[in-house]
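Asks: These came from TrEMBL, pasted as-is:
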DOMAIN    15-289  domain 'NADP-dependent oxidoreductase'
BINDING   19-20, ASP42, 160-161, THR209, LEU211, GLY213, 261-264, ARG267, 270-271  NADP(+) binding site
BINDING   ASP46, TYR47, HIS107, ASN297  D-mannonate binding site
ACT_SITE  TYR47  active site, proton donor
SITE      LYS76  site 'Lowers pKa of active site Tyr'
BINDING   HIS107  substrate binding site
Amino acid sequence: MAITLNSGFKMPVLGLGVWRMDRNEIKNLLLSAINLGYRHFDCAADYKNELEVGEAFKEAFDTDLVKREDLFITTKLWNSDHGHVIEACKNSLKKLQLEYLDLYLIHFPMASKHSGIGTTRSILDDEGVLEVDATISLEATWHEMEKLVEMGLVRSIGISNYDVYLTRDILSYSKIKPAVNQIETHPYFQRDSLIKFCHKYGIAITAHTPLGGALANTERFGSVSCLDDPVLKKLSDKHNKSPAQIVLRWGVQRNTIVIPKSSKTKRLEENLNIFDFELSKEDMELIKTMERNQRSNTPAKAWGIDVYA
(Lines of atoms letter the chains of each structure in order from A; the text may use other names.)
(Lines give C-alpha, C1' and ligand atoms only; values in the text may rest on other atoms or scores of the structure.)
Protein backbone atom coordinates (compact mmCIF):
# COMPACT_ATOMS: atom_id res chain seq x y z
CA MET A 1 0.00 0.00 0.00
CA ALA A 2 1.16 3.51 -0.79
CA ILE A 3 -0.09 7.07 -0.61
CA THR A 4 0.47 9.82 -3.15
CA LEU A 5 2.35 12.79 -1.72
CA ASN A 6 1.60 16.39 -2.68
CA SER A 7 4.75 16.19 -4.83
CA GLY A 8 3.05 13.53 -6.96
CA PHE A 9 5.31 10.67 -5.86
CA LYS A 10 4.04 7.54 -4.13
CA MET A 11 5.28 6.61 -0.66
CA PRO A 12 4.74 3.13 0.85
CA VAL A 13 2.68 3.32 4.06
CA LEU A 14 4.97 0.90 5.86
CA GLY A 15 8.73 1.15 5.98
CA LEU A 16 11.75 0.16 8.01
CA GLY A 17 13.57 2.61 10.24
CA VAL A 18 17.32 2.08 10.65
CA TRP A 19 17.93 4.08 13.85
CA ARG A 20 20.03 2.21 16.42
CA MET A 21 20.72 -0.69 14.08
CA ASP A 22 24.05 -2.41 14.71
CA ARG A 23 26.41 -1.36 11.90
CA ASN A 24 27.77 -4.89 11.58
CA GLU A 25 24.29 -6.30 11.05
CA ILE A 26 22.81 -3.66 8.76
CA LYS A 27 23.69 -5.23 5.41
CA ASN A 28 22.15 -8.60 6.21
CA LEU A 29 19.12 -7.00 7.88
CA LEU A 30 18.36 -4.71 4.95
CA LEU A 31 18.88 -7.41 2.36
CA SER A 32 16.56 -9.68 4.37
CA ALA A 33 14.02 -6.87 4.58
CA ILE A 34 14.11 -6.32 0.83
CA ASN A 35 13.66 -10.06 0.29
CA LEU A 36 10.64 -10.00 2.59
CA GLY A 37 9.09 -7.16 0.61
CA TYR A 38 10.14 -3.91 2.27
CA ARG A 39 10.43 -1.08 -0.24
CA HIS A 40 10.61 1.94 2.07
CA PHE A 41 13.63 2.74 4.26
CA ASP A 42 13.96 5.61 6.70
CA CYS A 43 17.51 6.83 7.35
CA ALA A 44 19.22 9.91 8.80
CA ALA A 45 22.69 11.41 8.85
CA ASP A 46 22.52 11.46 12.64
CA TYR A 47 22.00 7.69 12.82
CA LYS A 48 25.66 7.47 11.81
CA ASN A 49 25.16 4.39 9.65
CA GLU A 50 24.55 5.81 6.17
CA LEU A 51 27.78 4.20 4.90
CA GLU A 52 26.63 0.73 5.96
CA VAL A 53 23.11 1.32 4.67
CA GLY A 54 24.60 2.45 1.36
CA GLU A 55 26.62 -0.76 1.07
CA ALA A 56 23.43 -2.78 1.53
CA PHE A 57 21.60 -0.79 -1.15
CA LYS A 58 24.53 -1.17 -3.57
CA GLU A 59 24.58 -4.93 -3.13
CA ALA A 60 20.81 -5.09 -3.61
CA PHE A 61 21.07 -3.13 -6.86
CA ASP A 62 24.20 -4.90 -8.14
CA THR A 63 22.65 -8.35 -7.64
CA ASP A 64 19.32 -7.30 -9.18
CA LEU A 65 17.56 -8.05 -5.91
CA VAL A 66 15.64 -4.83 -6.47
CA LYS A 67 15.80 -1.80 -8.77
CA ARG A 68 16.55 1.65 -7.42
CA GLU A 69 13.24 3.01 -8.67
CA ASP A 70 11.38 0.37 -6.65
CA LEU A 71 12.70 1.69 -3.34
CA PHE A 72 11.58 4.77 -1.42
CA ILE A 73 14.57 6.10 0.54
CA THR A 74 14.44 8.89 3.10
CA THR A 75 17.27 10.58 4.96
CA LYS A 76 17.49 13.74 7.05
CA LEU A 77 19.37 17.01 7.51
CA TRP A 78 20.90 17.25 10.98
CA ASN A 79 20.69 20.38 13.17
CA SER A 80 24.37 21.25 12.79
CA ASP A 81 24.10 21.35 8.98
CA HIS A 82 21.24 23.86 8.60
CA GLY A 83 23.66 26.37 7.14
CA HIS A 84 25.07 23.77 4.73
CA VAL A 85 21.99 22.06 3.30
CA ILE A 86 23.21 21.28 -0.20
CA GLU A 87 26.61 20.03 0.97
CA ALA A 88 25.00 17.89 3.68
CA CYS A 89 22.56 16.33 1.23
CA LYS A 90 25.35 15.53 -1.23
CA ASN A 91 27.33 13.98 1.63
CA SER A 92 24.41 11.72 2.52
CA LEU A 93 23.92 10.77 -1.13
CA LYS A 94 27.60 9.83 -1.39
CA LYS A 95 27.45 7.66 1.74
CA LEU A 96 24.20 6.02 0.63
CA GLN A 97 25.64 5.54 -2.89
CA LEU A 98 22.56 7.08 -4.48
CA GLU A 99 21.99 9.62 -7.23
CA TYR A 100 18.80 10.98 -5.69
CA LEU A 101 16.69 10.75 -2.55
CA ASP A 102 12.97 10.09 -2.55
CA LEU A 103 12.53 12.25 0.54
CA TYR A 104 14.80 14.60 2.47
CA LEU A 105 13.63 15.92 5.83
CA ILE A 106 14.69 18.65 8.23
CA HIS A 107 15.34 16.38 11.23
CA PHE A 108 14.56 19.00 13.91
CA PRO A 109 13.29 22.58 13.52
CA MET A 110 16.44 24.08 15.00
CA ALA A 111 19.91 25.00 13.82
CA SER A 112 22.79 24.18 16.14
CA LYS A 113 26.49 25.00 16.00
CA HIS A 114 28.14 23.60 12.89
CA SER A 115 30.54 20.70 13.51
CA GLY A 116 31.61 19.79 9.97
CA ILE A 117 29.53 18.45 7.08
CA GLY A 118 27.83 15.19 8.01
CA THR A 119 29.54 14.85 11.39
CA THR A 120 26.21 15.49 13.18
CA ARG A 121 27.71 16.44 16.53
CA SER A 122 25.53 18.14 19.12
CA ILE A 123 27.93 20.66 20.64
CA LEU A 124 27.10 21.61 24.22
CA ASP A 125 28.17 24.69 26.21
CA ASP A 126 29.94 24.58 29.58
CA GLU A 127 26.61 24.02 31.31
CA GLY A 128 25.72 21.05 29.13
CA VAL A 129 23.15 22.92 27.03
CA LEU A 130 22.98 22.58 23.24
CA GLU A 131 24.72 25.39 21.35
CA VAL A 132 21.92 26.76 19.15
CA ASP A 133 22.79 28.85 16.08
CA ALA A 134 20.25 31.69 16.21
CA THR A 135 21.62 33.30 13.03
CA ILE A 136 19.99 30.70 10.74
CA SER A 137 16.24 30.88 10.27
CA LEU A 138 14.01 27.94 9.46
CA GLU A 139 12.85 29.87 6.40
CA ALA A 140 16.41 30.11 5.08
CA THR A 141 16.91 26.38 5.66
CA TRP A 142 13.69 25.55 3.83
CA HIS A 143 14.58 27.62 0.77
CA GLU A 144 17.85 25.68 0.56
CA MET A 145 15.83 22.45 0.77
CA GLU A 146 13.75 23.67 -2.18
CA LYS A 147 16.93 24.12 -4.22
CA LEU A 148 17.62 20.38 -3.82
CA VAL A 149 14.40 19.61 -5.69
CA GLU A 150 15.32 22.07 -8.42
CA MET A 151 18.75 20.42 -8.70
CA GLY A 152 17.20 16.96 -9.08
CA LEU A 153 18.95 15.61 -5.98
CA VAL A 154 15.71 15.10 -4.08
CA ARG A 155 12.21 14.22 -5.27
CA SER A 156 10.27 15.35 -2.21
CA ILE A 157 11.17 17.47 0.80
CA GLY A 158 9.63 17.57 4.22
CA ILE A 159 9.91 18.32 7.90
CA SER A 160 10.24 16.35 11.11
CA ASN A 161 9.29 17.09 14.70
CA TYR A 162 7.36 20.22 13.67
CA ASP A 163 4.32 21.25 15.73
CA VAL A 164 1.18 23.04 14.50
CA TYR A 165 2.72 26.51 14.92
CA LEU A 166 5.84 25.77 12.93
CA THR A 167 3.94 23.81 10.28
CA ARG A 168 1.56 26.73 9.77
CA ASP A 169 4.58 29.03 9.55
CA ILE A 170 6.33 27.01 6.83
CA LEU A 171 3.15 27.02 4.75
CA SER A 172 3.36 30.82 4.65
CA TYR A 173 6.82 31.04 3.09
CA SER A 174 7.35 27.80 1.17
CA LYS A 175 7.39 27.72 -2.62
CA ILE A 176 7.41 23.92 -2.42
CA LYS A 177 5.11 22.72 0.35
CA PRO A 178 6.39 20.06 2.76
CA ALA A 179 5.33 16.65 1.51
CA VAL A 180 5.70 14.95 4.91
CA ASN A 181 5.94 15.78 8.59
CA GLN A 182 7.60 12.95 10.50
CA ILE A 183 6.54 12.97 14.15
CA GLU A 184 6.42 10.69 17.16
CA THR A 185 2.94 9.23 17.45
CA HIS A 186 1.62 6.00 18.98
CA PRO A 187 -1.34 5.00 21.21
CA TYR A 188 0.17 6.72 24.28
CA PHE A 189 0.93 9.89 22.25
CA GLN A 190 -1.77 10.20 19.60
CA ARG A 191 -1.47 13.86 18.54
CA ASP A 192 -4.79 13.98 16.74
CA SER A 193 -4.78 17.78 16.34
CA LEU A 194 -1.37 17.92 14.67
CA ILE A 195 -2.25 15.05 12.35
CA LYS A 196 -5.58 16.65 11.47
CA PHE A 197 -3.86 19.98 10.76
CA CYS A 198 -1.21 18.45 8.49
CA HIS A 199 -3.74 16.37 6.57
CA LYS A 200 -5.96 19.44 6.09
CA TYR A 201 -3.09 21.15 4.26
CA GLY A 202 -1.97 18.14 2.25
CA ILE A 203 1.03 17.15 4.35
CA ALA A 204 1.41 13.41 4.94
CA ILE A 205 2.34 12.15 8.40
CA THR A 206 5.06 9.60 9.03
CA ALA A 207 4.94 8.09 12.51
CA HIS A 208 8.41 7.59 13.92
CA THR A 209 8.55 5.53 17.11
CA PRO A 210 5.16 4.07 16.04
CA LEU A 211 5.36 1.33 18.69
CA GLY A 212 6.31 3.74 21.47
CA GLY A 213 9.97 2.77 21.45
CA ALA A 214 9.41 -0.36 23.57
CA LEU A 215 12.40 -1.58 25.62
CA ALA A 216 14.97 0.64 23.90
CA ASN A 217 13.20 3.86 24.90
CA THR A 218 12.37 2.52 28.34
CA GLU A 219 16.08 2.04 28.97
CA ARG A 220 17.19 5.29 27.29
CA PHE A 221 14.42 7.73 28.23
CA GLY A 222 12.55 6.01 31.07
CA SER A 223 9.29 5.85 29.11
CA VAL A 224 6.61 3.15 29.38
CA SER A 225 5.84 0.92 26.39
CA CYS A 226 2.26 0.90 25.15
CA LEU A 227 2.68 -2.67 23.88
CA ASP A 228 2.03 -4.04 27.37
CA ASP A 229 -1.26 -2.18 27.73
CA PRO A 230 -4.32 -4.38 28.50
CA VAL A 231 -6.29 -2.71 25.69
CA LEU A 232 -3.81 -3.91 23.10
CA LYS A 233 -3.67 -7.37 24.61
CA LYS A 234 -7.46 -7.55 24.36
CA LEU A 235 -7.39 -6.55 20.69
CA SER A 236 -4.47 -8.87 20.08
CA ASP A 237 -6.54 -11.83 21.29
CA LYS A 238 -9.56 -10.68 19.29
CA HIS A 239 -7.71 -10.47 15.95
CA ASN A 240 -5.09 -13.16 16.61
CA LYS A 241 -2.36 -10.60 15.97
CA SER A 242 0.49 -9.34 18.12
CA PRO A 243 0.12 -6.04 20.01
CA ALA A 244 2.70 -4.53 17.63
CA GLN A 245 0.63 -5.55 14.61
CA ILE A 246 -2.46 -4.00 16.20
CA VAL A 247 -0.62 -0.72 16.73
CA LEU A 248 0.81 -0.64 13.21
CA ARG A 249 -2.59 -1.41 11.71
CA TRP A 250 -4.07 1.40 13.83
CA GLY A 251 -1.43 3.74 12.46
CA VAL A 252 -2.20 2.84 8.86
CA GLN A 253 -5.94 3.21 9.43
CA ARG A 254 -5.28 6.70 10.81
CA ASN A 255 -3.83 7.48 7.37
CA THR A 256 -0.30 7.74 8.72
CA ILE A 257 2.86 6.11 7.40
CA VAL A 258 4.57 3.82 9.91
CA ILE A 259 8.29 3.02 10.09
CA PRO A 260 8.90 0.48 12.86
CA LYS A 261 12.49 -0.54 13.52
CA SER A 262 13.51 -4.12 14.23
CA SER A 263 16.75 -6.08 14.17
CA LYS A 264 15.05 -9.47 14.15
CA THR A 265 13.96 -11.12 10.91
CA LYS A 266 10.92 -12.64 12.59
CA ARG A 267 9.77 -9.19 13.69
CA LEU A 268 10.47 -7.73 10.25
CA GLU A 269 8.15 -10.31 8.75
CA GLU A 270 5.53 -9.84 11.46
CA ASN A 271 5.46 -6.07 10.98
CA LEU A 272 4.73 -6.51 7.28
CA ASN A 273 1.71 -8.71 7.95
CA ILE A 274 -0.81 -6.02 8.86
CA PHE A 275 -2.81 -5.84 5.65
CA ASP A 276 -4.87 -9.02 6.05
CA PHE A 277 -7.15 -7.68 8.79
CA GLU A 278 -8.93 -4.49 9.75
CA LEU A 279 -9.71 -2.79 13.03
CA SER A 280 -13.38 -1.94 13.51
CA LYS A 281 -14.67 1.52 14.41
CA GLU A 282 -15.14 0.22 17.95
CA ASP A 283 -11.54 -1.04 18.02
CA MET A 284 -10.26 2.36 16.90
CA GLU A 285 -12.35 4.12 19.55
CA LEU A 286 -11.00 1.76 22.20
CA ILE A 287 -7.41 2.62 21.28
CA LYS A 288 -8.34 6.31 21.56
CA THR A 289 -8.89 5.74 25.29
CA MET A 290 -5.20 4.83 25.66
CA GLU A 291 -4.04 8.42 25.14
CA ARG A 292 -1.56 9.54 27.85
CA ASN A 293 0.09 12.45 26.04
CA GLN A 294 3.33 10.60 26.72
CA ARG A 295 6.30 11.39 24.53
CA SER A 296 8.84 8.55 24.66
CA ASN A 297 11.68 10.11 22.62
CA THR A 298 13.08 13.02 24.65
CA PRO A 299 16.32 14.54 23.30
CA ALA A 300 16.46 16.83 26.35
CA LYS A 301 18.29 13.94 28.03
CA ALA A 302 21.28 14.67 25.78
CA TRP A 303 20.85 18.38 24.98
CA GLY A 304 20.22 19.80 28.44
CA ILE A 305 17.12 21.63 27.23
CA ASP A 306 13.60 20.49 26.40
CA VAL A 307 13.23 21.56 22.79
CA TYR A 308 9.50 20.78 22.95
CA ALA A 309 8.89 23.16 25.87
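Backbone N, Cα and C atoms are what each Cβ position is placed from, and that goes for glycine too.
All TrEMBL annotations are machine predictions without curation.
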Asks: Same-chain residues six or more away whose CB lies under 8 A from the CB of HIS107 (D-mannonate binding site)?
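Replies: When sequence neighbours closer than 6 are ignored, HIS107 (D-mannonate binding site) has ALA44, ALA45, ASP46, LYS76, LEU77, TRP78, ASN79, SER160, ASN161 within Cβ distance under 8 Å.
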Asks: Fewest other Cβ atoms within 10 Å: which of the binding-site residues LYS261, ARG267 wins that one? Let me know.
Replies: ARG267
Asks: Which residues, in sequence order, are found in the same chain with Cβ within 8 Å of the centroid defined by the Cβ atoms of ASP46, TYR47, HIS107, ASN297 at the D-mannonate site, excluding those residues themselves?
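Replies: Surrounding the site, in chain order, are TRP19, ALA44, LYS76, TRP78.
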Asks: Judged by the number of other CB atoms within 10 angstroms, which among ASN161, SER263, ASN271, ASN297 is the least packed of the binding-site residues?
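Replies: Fewest other Cβ atoms within 10 Å, among the binding-site residues ASN161, SER263, ASN271, ASN297, is found for SER263.
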